[in-house]
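In what follows, a structure is listed as structure tokens, so that the remarks can point back to it.
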Amino acid sequence: MAAQTIFFFGYMVGSMFFGILADKYGRRPIMSVSFILMSFSGFLCAFGPQDIFGFWPSYIIFVLARFLLACSTRGISVSGFVLGSEIVGPRKRLYAGIVIEYFFAFGQFILVTFAYFIRTWRALIWSISIFTVPYIFFYFILPESPRWLVSKGRFDEAETVLRQIATKNKRDFNEDAFQQMKDEQEKVCLVVLNFFFYE
């Protein structure tokens, strides 16, 4: 009971903590760190010490691993949802959000299927955690959110990502629209600076 309570507390902490970090450092690096943490904490749950020095140290390590696991899953969920929403246009954003959540539902279905055939909890956690390992390398595949890059003034990187997206979608890159977006962002930055630093 305590382990499950702390797990859901980790959900809350992860949602707040990783959301703030994703806004500061970017969606892609925080998502990648969350994948690494999820993989590590999942295997720690499965292979953690068994009754070393008695019951309590083993249980405490398990509970801490569950807490980290919950934090990391929320980090993936928050940064992944935002990245998926920001990388598509406004008209497709609703559908992107729905499709992203389909994967959560599909994951629950896989978990139930695994649990039916694997009856020991350690083997179940291990068998699920092994699927997280390939996601550690997502950092080298996923693009950063162009919207986040523009908000940070990293226009060259944003242009590179948008050009890649346009090429894959067999569309022309709209230079005028991108320049207009840059100008608008620079105006926002100037207004903020004037508000805080100038009379």
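Any Cβ shown, glycine's included, is placed from N, Cα and C.
Values in this document were obtained by computation on a predicted structure and should not be read as measured data.
TrEMBL lists 1-199 with the feature domain 'Major facilitator superfamily (MFS) profile'. Look at TrEMBL and you will find 6-23, 30-50, 56-82, 94-118, 124-142 tagged as transmembrane segment.
Against the transmembrane segment (6-23), stretch 56-82 has more CB pairs under 8 A than any other of 30-50, 56-82, 94-118, 124-142.
Mean pLDDT, taken over the domain 'Major facilitator superfamily (MFS) profile' (1-199), works out to 84 on the 0 to 100 scale.
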